[in-house]
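Q: Sharing a structure, written as structure tokens. Questions coming.
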Amino acid sequence: MAMVLWVLAGLSVVAAAVASHTYTNAQSVKALRDRVQAERAFVSTRSRVGLLMATGAPQFHSFNGPRGRLFVDGRTLAASDSEWVTVQDARGLVNLMKSNESTLQKLIQLCGAAETEAESLKDSLLDYVDSDDLKRIRGAESFEYRRASQPPPRNSPLLSVDELWRVQGFPAVKDAWTKSDCHKISILQGDGVLNHNTAPAAVLELTGMTKEGALAFVQAREDGLSEALPQARGADSSNPFTWQGSGYVGRAARVTHQLQNVEWCLSYTLELSPSRTAPPWVLHELRVSSCPDRSTRPAAALPAPDHQALEQDPTSQNAVPRLPFNLR
């Protein structure tokens with residue numbers, strides 16, 4: 001009897017091990033399948049966005065094409081029933097390389113630095129990216145980096161956002177910068193022109209608008225008011241925001257993808273190529289990050305691409321093949 005019990009116990013252990021191994025394999029297969037589906041969806045949607053930007057006509061806050069309008073003002077677009085995409089025009093963000101010094105200093109102060117510290121960080125950043133060795137009043141050049149036992153500045157534009165933390169003084173505000181989500185309102189690519197029609201509320205505040213006015217303008221923009229603002233003067237009573245809403249979208253945009261069953265999001269900067277001999281667009285700063293809350297419905301749909309594949313008749317695929325001669 002004892003032998004039978006030992007055999008049953010051994011079989012139970014083996015069965016549990018087999019079940020656990022089978023479950024683990026099933027979960028691995030599911031994770032791999034979800035990843036493949038996510039990558040396929042991301043590649044497809046990326047091509048759609050690039051095609052719509054390359055072929056559409058630039059407008060105040062969108063690209064207009066034969067298939068519809070691609071909004072690039074940061075609103076959520078539905079690429080499918082289970083996929084969302086956000087396209088943010090680079091002109092609506094603060095360009096760390098090409099913005100004016102006043103806006104750059106305000107951004108650094110918004111991201112956690114004190115007023116006097118923000119001026120020093122601004123000068124250090126400008127000294128890091130310019131081509132000379134002349135130190136600004138509160139900046140830092142090679143001598144200051146050697147004294148702090150740090151690598152010297154490259155004296156050229158930043159290659160990525162991560163290089164920002166090599167600039168003297170910036171590591172001290174890294175945590176505050178990340179906590180304030182300042183990476184969402186700043187960018188390296190683009191021409192540095194500011195377009196109020198695509199700027200988020202935080203960037204609009206940097207230009208002098210109040211918080212309430214910035215939020216109201218973003219909401220009014222989604223309601224179509226930005227179409228009428230360029231027709232109004234700053235002092236016109238028809239313009240409640242007291243400035244002329246001019247500006248067109250640029251050739252670069254930050255794109256963020258999210259799938260319903262995937263816990264992570266993919267973001268990158270898509271920049272249209274200025275040369276006909278190069279690829280139609282290039283990608284910068286490809287990153288995987290946590291996804292924002294998508295409890296609200298998408299504001300609009302991502303337009304379909306201009307090219308539509310012809311649907312085949314399913315009956316023809318199952319028909320008996322017809323050969324030019326009879327094989328027996």
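In case you wondered, yes, glycine gets a Cβ from its N, Cα and C as well.
A TrEMBL annotation is a machine prediction, not a hand-curated record.
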Q: According to TrEMBL, region 'Disordered' applies to one of these ranges: 221-256, 293-328. Which one is it?
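A: Going through 221-256, 293-328 one by one, TrEMBL flags 293-328 as region 'Disordered'.
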Q: Summarise the domain 'T2SS protein K first SAM-like' (100-172) by DSSP state, stating how many residues are helix, strand and coil.
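A: Computed counts for the domain 'T2SS protein K first SAM-like' (100-172) are 40 helix, 0 strand, 33 coil.
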